[in-house]
């Protein structure tokens, strides 16, 4: 663990060939806590979200993933440290300006049940529209693209309240897609969804990344899924970064024991696979 | 190219008609008819009796309708030109009361709709954030203690409401506000101001003052004229125009604070600004009619039930339904008991309360928007 920490401060994140990767989002020397409590929730010397890649944040409940994501999206002012997007500090952005660079989908979304999917997605255009602006051609095109990417064109006129949890999540994701940002942060988009919708959400993210080079940071609670899906993993434990890098390097039986407290088998052939066996006794 | 054109067409139709649904148009039309009919009843009946035809022809009397002098008298308070008794009764006594009711109805309904979105609570109303009790206390204090300030009563009422709201906002503020904290602070501030009001009543020694005070505290259009129209017209129109333009902001606010923030909205600032507009709207109504209970709470509900929760529709619906209901309620207040006039707030309370209970029983979920 201590070794990991020193590594973290000294090295940039590298891809499988050992070449340094450009980062879209960088958090430096972060110390995060909520205004209502004294306790520091996350301490992190450096966090990189590599450009044009999908990074998954993994870790057990309460390890500080969501808190970290909140600070990356300027929803939580760090007590110490800075977050930069494409080299510019978040603080220097106007709110709307930031919302054009960075899309965020938080974990819990509640809204009027009576809003239609299309209307919801149009709200994703908010940062692109002035107070008196009406819907422009560009807005319309972005909404159509988002509907198509999320594969929910047929739900266009459905009311949100009538949809299943999975369909709702796809609608919310489409709203963030309509925001048309280079960087996307998603907090547990697949939790509570059935397998079919989990895959549809992940495929939408993957497609977005491949077709448009969007940088994605996503919190996934299923380490096995994250290992198969993401280009990079960031594993968190007790408010600190345990390890990060490509899944083949990060996912080890040691990590599963230390971070998740499970005994598991990790297979590398034919592809990376995590097979959890049993819970380890609490230490 | 062809595709782009068809996309463009779709966007254009959406812009024009996307939210203007048939239901909304019908609803507004029906509200307008109710407003006109109730208004006509109001100008026809009373101590100086007329037939419908007489009243109708007096309303559309061309010598008044196209008389600049008359309008300048109405709107700027200059001397009233010579006209027939019918015209004087209709144009100078009864019609302005209808106009005041229209303005108060529209502003209260819109104010309620805004507060319900800002606090994301269906049970919010212009008065839940302390506006009503603050204004009431200010009115009472003026009538009882600072009698010299009585001519500025409308202004003072609005001021009292604003101060109370600022106190509520100040209490609820803790590095930001939340809907729940706002409502809680509102309830508490309401209680304090109501106790103060009740305390002040002990110092009233004149029955006339007590009656004036009660009329203010329950809301009444008795004795309103062009003077009240002049007070309310411009701030009323301004508040309504800004509120209508803000309906998209309200819709985004309803997506929840986190989402609104993610979309680039400065939530605190927008919330405060919109609350300010809602207070302005409520103050307009309070200044001319006193505190009409239940109105700002119930009307947005009725409209939401009919046209849906989209604020672009809801606001327009409120703009039409508010006047319809207020003018109708005032007809009841003025004419129901024959010779005696009730405060309109009594009517809205008596009708609005049970209707609200009915809504609560009928709807599965209520409270959170």
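Using N, Cα and C of the backbone, Cβ positions are placed for all residues, glycine too.
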Transmembrane segment per TrEMBL: which of the ranges B:179-196, B:197-214, B:251-268 is that?
B:179-196
Cβ contacts the transmembrane segment (B:231-250)/the transmembrane segment (B:96-115), at least three under 8 Å, sequence gap 6 or more:
yes
Same chain only, please: residues at least 6 beyond the ends of the transmembrane segment (B:152-172) with a C-beta under 8 Å from a C-beta of the stretch. Say none if there are none.
129-139, 142-143, 178, 181-182, 184-186, 188-189, 193, 216, 231, 272, 275, 279, 282-284, 286-288, 290
Near the transmembrane segment (B:96-115), which residues from the same chain, at least 6 beyond its ends, have a CB less than 8 A from one of its CBs?
35, 39, 42-43, 74, 124-126, 128-129, 221, 224-226, 228-229, 232-233, 236, 239-240, 243, 246, 250, 274-275, 277-279, 281-282, 284-285, 288-289, 292, 295-297, 299-300, 303, 311, 314-315, 318-319, 321-327, 329-330, 334, 344
Can you name the far-off residues of the same chain, 6+ from the ends of the transmembrane segment (B:20-43), with a Cβ under 8 Å from a Cβ of it?
50, 52, 55-56, 58-59, 90, 94-95, 97-98, 102, 303, 306-308, 313, 316-317, 320-321, 323-324, 327-328, 330-331, 334-335
